[in-house]
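Asks: As annotated in TrEMBL:
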type     : residues                                                                                         : note
SIGNAL   : 1-22                                                                                             : signal peptide
BINDING  : Thr49, Asn50, His51, Tyr52, Gln53, Asp93, Asn142, Gln187, Trp302, Gln303, Leu304, Leu312, Trp334 : cyanocob(III)alamin binding site
DISULFID : Cys62-Cys104                                                                                     : disulfide bond
DOMAIN   : 256-332                                                                                          : domain 'Transcobalamin-like C-terminal'
Amino acid sequence: PHTGRLALYLLGLRAACPPASPQRTLVTWLKYYLEEDWTGSRRHGRPLTNHYQYGLGVLALCVHHKRVREEVIRRLLTAQHHGRLGHGGNAVDTEAVVALAFTCLEQRRLVGTRLAAELKAAAHGASRSMAEAQGPDGIIGNIYSTPWALQVFLAQGTCQTEPAFGRAMAVLLENLEAFGTAATMAQVLPVLHGRSYLDIASMHCQEEPDMLTPMDIEPPTEVPGSKTVQLVVECPLPWCYELRLYDRPVPVPAAASLLDVLRAAAALEPHDFKFHTQDTPQGPFLTQVLGLEARQEKRNYWQLLTAPNTPLQMGIADYRPQDGETLILRLSEW
């Protein structure tokens, strides 16, 4: 089911104030996807996609002022209660989306009094959890999950009293260059204006003059020279025949991204390095390396690190390694 993508599309539609007619059909489809998403994986107690997409679906329906069946909501409540919402920065993303959905349902009075009290308590619990997850650098989870956490503080009205908010906002302003795709910009722009996705629900749509003008964007400046990056592939999982599957220096141009490094490694003789990516709204996502596929149903993923053990805060197309840096692709479980 395309739960998450349709949910994001509906949030964007609501923010753009289009005519109501095309949205009704899409909202119906989203309700269908939420049911299909769970039915296909009922025995596992989790959606076929993931709790992040499922939470986005509930949030989008709430923003469109649509009631959600109590069973659908309780699936998320149960997952949060049992700590099933993800790992690392992904846990912050998911917990924040779920908290926004709960806050929206409670504030818009789309649920009964008893359930509203449960949702309010769960959302505030998630807010405390995100504050506790803040690192010494001010980041909550990772740089991309930080705007989600800030949206929760804004939606709950705790941004003035929560110390984590100011520290996270400061580090966000120092790292705006990391938000280079439409999807990541959409997450950070509301925060920069002191808003959350919940504010879309109360927008007063009116005809606005077309004041958009095209921008002359200069092409990026060429960086002369070259660099060498040590590329390492690790598989610490029990079924892998050895830990280190690949370890080789890869020469690339000075401005090369991690994606460029992977492409250069694949072109080296002998052609023993292969990888695959999947296009997502956040940019290309690494799905397969050396024939080993990261699969959601197996709950594993390719973790990106810089040696010795520091997770990257950017995707493969955005991160630009330094000369002599060692990059590790590690197949990990969550």
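Glycine residues also receive a Cβ, built from the backbone N, Cα and C atoms like all the rest.
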Asks: Which whole number is the mean pLDDT over the domain 'Transcobalamin-like C-terminal' (256-332)?
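Replies: Averaging the confidence scores along the domain 'Transcobalamin-like C-terminal' (256-332) gives 87.
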Asks: Between His51 (cyanocob(III)alamin binding site) and Cys62 (disulfide bond), what C-alpha distance do you get in Å?
Replies: 16
Asks: Distance between Thr49 (cyanocob(III)alamin binding site) and Cys62 (disulfide bond) at the Cα atoms, whole Å?
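Replies: Their Cα atoms are separated by 20 Å.
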Asks: Taking only same-chain residues 6+ apart in sequence, whose CB is under 8 Å from that of Leu304 (cyanocob(III)alamin binding site), what do you get?
Replies: Leu258, Leu286, Pro311, Leu312, Ile316, Tyr319, Leu327, Ile328, Leu329
Asks: Per residue, counting other C-beta atoms within 10 angstroms of the C-beta, which of the recorded positions Thr49, Gln53, Cys62, Asn142 reaches the highest number?
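Replies: That would be Cys62, with the most Cβ atoms nearby.
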Asks: Find, for the listed recorded positions Cys104, Trp302, the residue with the lowest Cβ contact count at a 10 Å cut-off, counting only other Cβ atoms.
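Replies: Candidates: the recorded positions Cys104, Trp302. Fewest Cβ atoms within 10 Å: Trp302.
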Asks: Rank aside, I only need the closest one: which of the binding-site residues Gln53, Asn142, Trp302 has its C-alpha nearest to that of Cys104 (disulfide bond)?
Replies: Gln53
